[in-house]
């Protein structure tokens with residue numbers, strides 16, 4: 001290999017390491033919106049000329065924020081940069097980890113015990129600040145608790161179960177260097193007519209498939225051609241896979257079975273706006289946004305406490321979970337007193353299995369949160385495109401493999417949404433003397449994060465409504481993971497039924513796959529004394545002569561006593577409602593206060609329960625689980641997900657069949673997608689979404705938004721398009 005390719009390869013590796021390990025302070029990306037100006041209003045409009053804009057990143061620039069002076073104000077506030085540096089100092093002198101400093105795979109707040117958080121009031125001293133550290137040293141995974149007040153390690157446990165910690169960017173960088181220096185890779189690329197300098201490689205996780213790969217941390221490496229396009233995902237070197245031992249820094253297996261499969265062309269794969277040579281074949285849409293002449297209605301206090309309308313909650317970024325909502329409370333519509341709804345909610349795991357048994361595909365069964373981290377893969381949101389005007393942007397303070405903090409800027413945005421939806425309405429035809437036209441606009445508050453886990457982008461929305469409802473949505477976009485094929489049209493495919501997916505472009509198969517997102521929902525309805533109730537809709541037949549009706553539906557309540565009673569598989573023809581109630585908090589009519597989970601679009605895993613990927617992701621065997629609260633049971637795929645066998649997952653914990661009636665309980669909900677790709681998904685997918693709702697049931701005495709004011713023309717600025725000269 002010549003000098004120039006080597007230099008280019010070295011430069012690419014340097015850039016990869018730089019992007020993911022440095023502080024990011026030098027990046028001029030959005031952090032916080034400027035304060036809204038209420039003193040003046042300017043409304044103008046200019047025609048959007050297609051060729052004038054370069055990149056959506058040019059839409060808005062904010063100054064980066066210095067986090068070195070941050071201090072915690074709330075028991076659940078994430079570790080500050082100073083606290084992270086202190087943890088690193090403590091670990092550097094801890095004898096069991098000497099003489100070398102371990103690789104840090106996770107370093108986050110060890111949240112105080114729940115009872116301490118619930119008792120804490122603003123102005124009280126904070127509970128002791130502690131850090132939970134997962135470190136890897138000499139092949140052993142250590143779980144350490146570091147007391148920042150005492151300045152010492154108070155606990156050090158070594159994992160003796162299956163699995164390894166979440167991958168670090170250093171692990172990925174090492175795997176890339178090992179793979180790209182492997183001689184067989186150079187030979188394979190030359191056979192395909194390209195050079196190493198034209199490669200972009202990725203590191204799919206290895207999964208777990210038996211004893212052959214046990215006892216060592218391995219990762220797969222697959223490569224693509226980046227010639228002529230930044231969308232290298234559409235140009236795979238099909239059949240080429242390297243298995244790398246991360247710790248020994250060696251290729252343990254090299255496979256190349258794709259010699260007869262051409263590299264797909266890069267034509268029309270560049271999705272960037274500046275690369276589009278012609279305008280879309282549609283009538284242009286005029287610029288649109290909602291305007292807030294008095295500024296947003298929400299406030300963010302002490303960096304993490306969000307207050308809006310009748311809601312208050314704690315919001316933070318987490319390196320593994322992404323976005324975390326805690327201590328969500330809504331004001332009582334009669335008294336105004338805040339009432340507890342949810343102690344903590346977040347996406348606990350994201351399972352993505354691909355449906356191809358081929359040697360180069362069978363292992364693709366990702367556990368994105370536990371293997372890569374949803375927060376760690378979240379990049380800065382794009383103003384006006386990811387988030388509207390007047391959004392508030394929040395940073396993530398995360399930790400690199402060497403134990404040093406770094407900033408992921410603007411990975412969460414907070415904004416008010418009004419899309420013309422109706423909150424409630426009724427009109428009366430004036431035949432009875434009433435001439436009524438009553439309607440209320442639906443304005444909601446959204447907390448959003450987007451994780452770019454390799455080719456896929458996952459957009460998470462937590463939307464709060466004034467009627468007490470929480471709407472949780474996940475949207476998917478990004479690029480398909482495609483498989484190279486010698487065929488250019490469907491007619492050329494000898495046996496389309498045997499293919500792992502449909503042809504989506506010339507020489508490209510979109511492999512069928514699933515997405516399952518499991519949410520941890522620690523519901524505290526008016527306290528921790530909660531019960532799970534399944535309300536079944538059952539068909540009843542009328543007695544002869546009883547009624548002209550033959551049948552009707554009746555709601556029958558069934559209280560779940562144990563975990564077994566609360567395992568739910570959704571069934572269209574066996575409809576039910578699923579309530580979390582507080583039996584000790586009753587309405588004036590005697591109904592227990594509660595919330596129900598309302599499923600939206602969903603899908604169930606169809607894999608064999610003994611299939612290795614499904615063993616690891618057995619938490620997707622049901623759409624709903626309920627477990628007693630346990631601060632050590634937060635990750636549905638287990639604390640150590642990477643290469644795990646599934647022996648420490650939600651499904652394993654639930655086998656104990658613990659009592660859950662009148663307990664502090666956690667509701668787990670899995671939403672899913674079956675994805676059969678199509679041509680419209682090429683070269684980049686339009687978003688597809690699914691959601692669920694947490695809706696009040698007898699929580700309020702009556703409609704909590706009855707007294708909301710309607711919107712009037714005088715409340716809004718006059719904004720009209722400019723008249724043409």
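The backbone N, Cα and C atoms fix where each Cβ goes, and this holds for glycine too.
As given in TrEMBL:
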type	residues	note
ACT_SITE	368	active site, proton acceptor
ACT_SITE	456	active site, schiff-base intermediate with substrate
DOMAIN	74-156	domain 'Copper amine oxidase N2-terminal'
DOMAIN	165-264	domain 'Copper amine oxidase N3-terminal'
DOMAIN	289-705	domain 'Copper amine oxidase catalytic'
MOD_RES	456	2',4',5'-topaquinone
TRANSMEM	7-27	transmembrane segment
Residues near residue 368 (active site, proton acceptor) in space but at least six apart in sequence (CB under 8 A): 349, 350, 351, 352, 374, 377, 451, 453, 458
Packing count at residue 456 (active site, schiff-base intermediate with substrate) (other Cβ atoms within 10 Å of its Cβ): 22
Averaged pLDDT, computed only over the residues in the domain 'Copper amine oxidase catalytic' (289-705): 96
